[in-house]
């Protein structure tokens, strides 16, 4: 079935209805919070948001107890991974009273182009891809730019390594060699047959990680393999499009035995970069960094200008053609106002 294209007025009307529904839900939650705070609440304590359900969240206390909590109306938007101050209620539902400062946050633009945090206090972003759906360097590079921009260490993860065969091995190897040459950590695993899963566990232990990647690459299957007994919905590739069907519906935080945490978030087909500038994109290509600022012209676009340090590095083989093509493709997809 063809995707329905909405007019601007239809999109505005849908957005307005959603905002009105959200406002009504927020008013109901505000009344619930007032009722709770008018009764008996426990002392303030710190906890971590491990799941978000719109107007309510699940919070885990220091002793491992999980409670559903209302949100005070004056709080900023909370996401999975946030550290908070909360008070337990005598009816089993508590109240979040404050958000603690974030060490890091991973953001992406929403449909209106406004930045929306999707995870907090993450120190490792695991970029998952697979032989099927076919991996594209441009999408991987977008995730790498987002990780570099957020100051979060990336880890490249090829899942479904058991699907590498004669038909795709050459292309997969060439893709992996690009990122190995750049020095990015990269692990090849299979959640299906257990290949290198112990190596992955070692890389995740002691970190707060988030898995990102297009749908169908097996993020939820990886969670099931890493944490047996965890109930996550797993989908397969669409038989019509060959793209992944979205399965996980809300970001959740899980604990690894070694002390690390995993935030499993909904799959997305393409990661937007509307929140970064041209300078941010350039800085996200790590092989560009020592060259930036050394072009003959200060406003060099690294296209055909004489004396361009990046073009000289491309000619000398210090920048790979695939990476330069990806850089140009990403810039071409950005609004001209960001240039």
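Glycine is no exception: its Cβ is also placed from the backbone N, Cα and C atoms.
The feature GTP binding site is assigned by Swiss-Prot to 159, 160, 161, 162, 213, 214, 215, 216, 217, 218, 219, 220, 221, with sequence analysis given as support. Summarising the annotation, Swiss-Prot assigns Zn(2+) binding site to 295, 300, 302, 308 and lists sequence analysis as the type of evidence. The feature domain 'CP-type G' is assigned by Swiss-Prot to 111-271.
Here the candidates are the binding-site residues 295, 300, 302, 308, and by Cα distance the one nearest residue 213 (GTP binding site) turns out to be 302. Among the residues 159, 160, 161, 162, 213, 214, 215, 216, 217, 218, 219, 220, 221 said to bind GTP, no two Cα atoms are farther apart than 19 Å.
Cβ neighbour count for residue 302 (Zn(2+) binding site) (all protein chains, 10 Å cutoff from its Cβ): 22. Of all the Cβ atoms in the protein chains shown, 27 others lie within 10 Å of the Cβ of residue 159 (GTP binding site). Distances between the Cα of residue 219 (GTP binding site) and those of the binding-site residues 295, 300, 302, 308 are shortest for 302. Its own atom aside, the Cβ of residue 219 (GTP binding site) has 29 Cβ atoms within 10 angstroms in the protein chains shown.
Each residue contributes its Cα atom, and for residue 302 (Zn(2+) binding site) and residue 159 (GTP binding site) these two points are 35 Å apart. In the three-state DSSP scheme, residue 300 (Zn(2+) binding site) falls into the coil class.
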